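Noted in TrEMBL for the protein shown:
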| type | residues | note |
| --- | --- | --- |
| DOMAIN | 3-106 | domain 'Dihydrodipicolinate reductase N-terminal' |
| BINDING | Gly9, Ala10, Thr11, Gly12, Arg13, Met14, Gly75, Thr76, Ser77, Val103, Pro104, Asn105, Phe106 | NAD(+) binding site |
| BINDING | Arg37 | NADP(+) binding site |
| DOMAIN | 111-240 | domain 'Dihydrodipicolinate reductase C-terminal' |
| ACT_SITE | His133 | active site, proton donor/acceptor |
| BINDING | His134, Gly143, Thr144 | (S)-2,3,4,5-tetrahydrodipicolinate binding site |
| ACT_SITE | Lys137 | active site, proton donor |
Amino acid sequence: MTIRVAVAGATGRMGRLALRLVEEADDLDLHAGLDSRSALTDLDGADVVLDVTHPAASEGIVRHAVAQGIPVVVGTSGWSADRITGIQAYRREFEAPGAVVFVPNFSVGSVLGTALAAYAARFFDSIEIVEAHHAGKVDSPSGTAVRTAEVIADARGDLPVVAPHADQRARGQLVAGIPVHSLRLAGLSAEQRVVLGGEGETLTIAHSTISPAAYEQGILLALRRAPDAEGVVVGLDALLGIAMPGADAP
Ligand SMILES: NC(=O)C1=CN([C@@H]2O[C@H](COP(=O)(O)OP(=O)(O)OC[C@H]3O[C@@H](n4cnc5c(N)ncnc54)[C@H](OP(=O)(O)O)[C@@H]3O)[C@@H](O)[C@H]2O)C=CC1
Ligand SMILES: O=C(O)C1=N[C@H](C(=O)O)C[C@H](O)C1
């Protein structure tokens with residue numbers, strides 16, 4: 001059966017990539033491509049919505065899809081755990097059938113980097129994240145860095161990260177108690193380093209996105225799985241069967 005996809009943000013970098021993937025896939029059809037001037041009702045009738053827009057627009061798109069009972073894959077950044085909790089409540093209010101799949105990063109390597117960082121996090125008290133993106137990125141810290149910090153904090157449970165002098169601006173923004181440093185530079189695509197420090201050693205887990213091709217597998221997987229998914233799903237890891245180590249993990 002063919003899955004009809006509505007792409008919100010179709011004129012953007014990610015949206016154009018998604019349009020090409022939908023066109024090339026035998027099991028996907030384009031229902032609609034939306035930009036900043038489109039009416040949200042253009043989404044209606046789709047089997048799945050892909051939201052790759054702007055942090056300020058994403059919430060309205062997600063709420064519209066939920067209210068219409070359409071599954072939605074959210075690639076737009078800016079979704080912290082708190083904001084996701086708000087969408088969970090909204091879904092319950094509507095008793096909405098469509099899943100909401102938040103994917104902070106569609107790249108498999110990035111997701112693995114986050115999982116490895118969370119695994120290592122229990123063994124190091126000093127942890128900081130440095131993320132670097134192209135100069136056109138409007139939000140900081142990146143959605144990937146926020147998710148990574150949240151997953152690390154979850155893995156550490158009651159053990160706080162030690163971040164001295166974190167009140168000084170140059171020490172970065174604290175996300176879930178972890179300093180995050182954001183670089184925005186011409187010439188870059190997307191990179192993240194998680195630096196963990198212990199007694200007499202550091203461990204760095206680094207991921208670089210070399211080209212948008214890194215997102216293709218994840219976008220296709222999310223679009224194909226979202227129509228049958230249930231509830232609110234966070235992270236490509238959930239679709240790939242990659243377990244993020246929580247505090248209770250062995
Ligand atoms: N999850 C992941 O793996 C990845 C996520 N991202 C995230 O995806 C999002 C999009 O990135 P990117 O494609 O680079 O961004 P672009 O700036 O290239 O494109 C943004 C798109 O969103 C649309 N848009 C902007 N404002 C609104 C609005 N108020 N209402 C509806 N649509 C709007 C634009 O339409 P118009 O042309 O009319 O302005 C355009 O189609 C960002 O949040 C980015 O961080 C990016 C890469 C990977
Ligand atoms: O804006 C981008 O480019 C990216 N945004 C996402 C984020 O905020 O983490 C994913 C990836 O890093 C690229």
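Glycine residues also receive a Cβ, built from the backbone N, Cα and C atoms like all the rest.
Those same-chain residues not listed among His134, Gly143, Thr144 yet with C-beta within 8 angstroms of the centroid of the (S)-2,3,4,5-tetrahydrodipicolinate site C-beta atoms are Ser77, Pro104, Asn105, Glu131, His133, Lys137, Asp139, Ser142, Ala145, Ala190. Comparing Cβ neighbour counts within 10 Å across the binding-site residues Gly9, Gly75, Pro104, Gly143, the minimum falls on Gly143. Checked against ligand 1, the recorded positions Gly75, Ser77, His133, Thr144 give Gly75, Ser77 in sequence order as having a Cβ less than 6 Å away from one of its atoms. Residue counts of the domain 'Dihydrodipicolinate reductase N-terminal' (3-106) by helix, strand and coil are 44 helix, 23 strand, 37 coil (DSSP-based). A straight line from the CA of Thr144 ((S)-2,3,4,5-tetrahydrodipicolinate binding site) to the CA of Pro104 (NAD(+) binding site) spans 5 Å.
Checked against ligand 2, the recorded positions Thr11, Arg13, Ser77, Lys137, Gly143, Thr144 give Ser77, Lys137, Gly143, Thr144 as the ones with a Cβ under 6 Å from it, listed in sequence order. With respect to Gly75 (NAD(+) binding site), the closest of these recorded positions in Cα terms is Gly143, chosen from Arg37, His133, His134, Lys137, Gly143.
In this structure the alpha carbons, written CA, of Pro104 (NAD(+) binding site) and Gly143 ((S)-2,3,4,5-tetrahydrodipicolinate binding site) are 5 Å apart. Using a 10 angstroms CA-CA radius around the residue listed as 'NADP(+) binding site', none of the recorded positions in Thr11, His133, His134, Lys137 qualify. The average pLDDT for the domain 'Dihydrodipicolinate reductase C-terminal' (111-240) in the predicted structure is 97.
For the pair Lys137 (active site, proton donor) and Thr11 (NAD(+) binding site), the C-alpha distance works out to 15 angstrom. Least crowded of the recorded positions (Arg13, Arg37, His133, His134, Lys137), judged by neighbouring Cβ atoms within 10 Å of its own Cβ: Arg37.
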